[in-house]
Amino acid sequence: MTQVDLVVVGKFLFKEKIIDGSIGIEDDKIAKFSLRELKGDKKIKVEKGKIILPGLIDVHVHLRDFNESYKETIASGTKAAIHGGITTVFDMPNTKPPIMDEKTLKLRELIFKKKSYSDYALGFLIAGNEPAKADFYKIFMGASTGGIYSKNFEEDYKKAPDIVSVHAEEYELINRYPERPPIVEVVAIKKALQASKKMKKPLHICHVSTKDGLKEILKANIPWVSFEVTPHHLFLTRRDYERSKLLKVYPPLRDEEDRRYLWENLKSIPIIASDHAPHTLEDKEAGAAGLPGLETEVALLLDAVNKGMITIWDIVAKMSINPARIFKIKNKGWEEGKDADLIVVDMKKEWTIKAENFYTKANWTPYEGWKVKGKVIMTILRGEVVMEDDEIIGKPRGERIVKEGNAQGNLGSSQEH
């Protein structure tokens, strides 16, 4: 091919294998994967021992802003995203005020256009209201942060014109069991699965945390249903509550048996997402539920690769390829013609997680002091370096995702590529 705008040279992951070569970038898109060194106007040579991966997609992020800008802003949260190797975030709509009408949705988009350092998808909350056109829809089956939930899940689910991300905790059981034991999640998952099977509508179940909940999803095996797990449910358990009262989260941290079952079935889990939910330390001490995670999720997973718990392909499948396919994102993925979103990881870098080095306003992390091996050292968004060696580069240049159309039909296997 003729000369391109930018060539990134080094080892990169391609079809489950790490190969030597180069990636040609033209007009913000991946123009060519090559086994040889392509010619370009500019060149980035990735040092030996480091690997080029696709920019990652986090389908579950709470960026606060609006009346909770003291907790997080779109600017601070998307800086945290690109610092952690996340190039596209899905913005959860249970904000203050909540995104439940077209006017608020448009205001949200205006702020993103001006302030976002990463690309983004806009969510819309349904709880008895009529949906406006968004990139995805969110339904809470029980109260969480913000307190708004659906009183009639089937009716609200039926209204949604595109894929629904559901917080599966049954509201009637929450009232009876405020500590939210596994049954609260399992009953809600069963209810959501039954509705999806009946309506044949796409559904994404957020933060599956229990052995029995995951069993229900796998047993149902509904082609248009996807789901996610979070790093905190993979790496923490109820025993961690003993070391910190700040770890309150919905759904709660579970028993070791649940955590182990998630790991044992990781190949069947299509998506890993952070559920980044920042609060100030004061709010956490007062009982707010939610954990920050944008700047630790990839680090924890790279460390797991080094420990032989997962493969680097698992990360790419569950945080790039599958999210782009399941949510029908036309311009994202690890293919020629898609946006040139790349990250460079140093698999040998040993470091200690410290909240003081993060961009999120949360100012704390559940993993403070953890020693990990593997780090994101560069983030490229649509052909531009936006983060290198922990420093954010340039001004906000985030753009809204481009959808292929409504996310529907067979979502395919969890490891499709």
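Heads up, the Cβ atoms here are built off N, Cα and C, so glycines get one too.
Taking Cβ-Cβ distances under 8 Å and a sequence separation of 6 or more, the neighbours of Asp275 (active site) in its chain are His60, Val61, His62, Cys206, His207, Thr230, His232, Val249, Gly290, Leu291, Gly293. The active site annotation in Swiss-Prot covers Asp275 and is backed by sequence analysis.
DSSP classifies Leu63 (substrate binding site) as coil under the three-state reduction. The substrate binding site annotation in Swiss-Prot covers His62, Leu63, Arg64, Asn94, His279, Ala289, Gly290 and rests on sequence analysis.
Under the three-state DSSP scheme, Lys138 (Zn(2+) 2 binding site) falls in the strand class. According to Swiss-Prot, the feature Zn(2+) 2 binding site maps to Lys138, His167, His207.
The N6-carboxylysine annotation in Swiss-Prot covers Lys138 and rests on sequence analysis. Around Lys138 (Zn(2+) 2 binding site), the same-chain residues at least 6 positions away in sequence with a Cβ under 8 Å from its Cβ are Met92, Pro93, Asn94, Gly123, Phe124, Leu125, Ile126, Val164, Ser165, Val166, His167.
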Cβ neighbour count within 10 Å of His62 (substrate binding site): 29
Residues His62, Leu63, Arg64, Asn94, His279, Ala289, Gly290 [recorded substrate binders]: greatest CA to CA distance in Å: 15
Distant-in-sequence Cβ neighbours of His279 (substrate binding site), under 8 Å, six or more positions away: Lys71, Ala288, Gly290, Ala362
